[in-house]
Ligand SMILES: Cc1ncc(COP(=O)(O)O)c(C=O)c1O
């Protein structure tokens, strides 16, 4: 799908990053003989939802360790997770920060918060390999940085730009580099991080962002999520308006939501 944005043609690759992140983790869990997946997330975590679904589809029990107190009725994300069979365990914010596994869980395969580990990077690298050398610039939203780390490592040409959705994301460059180091023993690919388009921080939805999301839907018939892809596309529009990319460059944005 192609759209006009900031006076330029932008190719959209509409594809969730979740199956890419989970693929090699599920294979490893099975190879190690595990029947249960355990992971962490906030109450609105797409990753919890995706792990619950993948667990059900591939025959794993799933446990989600959720930050904060239980709030009833469950929000749509947690309700979906429980409908897939996920058991939810709530921990206070302090405990959550330490990523301690609550006592009493069965033997399990642990997937980190956001699903970003070396196997997730390898999975996301396959997206980069599929894009190959078709584009000069490939944009992706960045939370924990795992998707960017893999995508950039897999590209055969051009550069990847991660649009940070969190405020004060200066740490993200190190996080991406560390993930690539752990995965490949080196930092790979041509990538950078844009930290200017967080719109106030994670899950903040100021009017300017919502206006952009509405305008984009009216023009292109595609509803962007305001937490990840809305910020990236709005940021990309600003960069394009400012003439950041030479005219001949082919631009792609990965719509991960
Ligand atoms: C829709 C969407 N896009 C992008 C991301 C960011 O991915 P990462 O945490 O690998 O940077 C996430 C979070 O996993 C997400 O849910």
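Positions of Cβ are set from backbone N, Cα and C atoms, glycine also.
Quick look at what TrEMBL lists:
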- 45: active site, nucleophile (ACT_SITE)
- 15-257: domain 'Tryptophan synthase beta chain-like PALP' (DOMAIN)
- 18: N6-(pyridoxal phosphate)lysine (MOD_RES)
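The DSSP secondary structure for residue 18 (N6-(pyridoxal phosphate)lysine) is helix. You'll find the Cα of the residue listed as 'N6-(pyridoxal phosphate)lysine' roughly 12 Å from the Cα of the residue listed as 'active site, nucleophile'.
In the structure as shown, the Cβ atom of the residue listed as 'active site, nucleophile' sits within 10 Å of 22 other Cβ atoms.
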